[in-house]
């Protein structure tokens, strides 16, 4: 396993539409392991392949839960070729952040519930319903696979401001 570099806004790769994964290979399994290690190191709760410059339709997520003793129980999930089959008309709002837009958070409104189809690392296809933070996170990560960032869901003024800030920081870092 290896920690990979997370690409940061304004990197144009973040706007790429990721390619479907045809079959689960040992390379895809290693990529998934690297993605988990990278996500936990960051730390974050979700990571799309494109965020580590791998334009493949793969997502890792871990929405850990606290048990009765207050200990966090990891819940690692892999989604290969995920797609939203349906979304509720009801909306919910959560404050979102992104490992590719560090230290910037904004409230985003999304469908409160979604039905998702995806393939696991064993090549099995699943369908499941997601709600709450799980629905928000899966939508956020699937957006990445389609070249969409969470800032695309906020006002143009706020979006332009954050893009300008990160573009300026990238130029300063390049000097």
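Including glycine, each Cβ sits where the backbone N, Cα and C put it.
According to DSSP, residue 98 (Fe cation binding site) is assigned to a strand segment. Annotated Fe cation binding site per Swiss-Prot: 98, 140, 144, in sequence order, evidence recorded as sequence analysis.
According to its DSSP assignment, residue 141 (active site) is helical. Under the heading active site, Swiss-Prot lists 141, citing sequence analysis as support.
A simple way to gauge crowding: the CB of residue 140 (Fe cation binding site) has 24 other CB atoms within 10 angstroms, across all the protein chains here. Rounded to a whole number, the distance between the Cα atoms of residue 141 (active site) and residue 98 (Fe cation binding site) is 10 Å.
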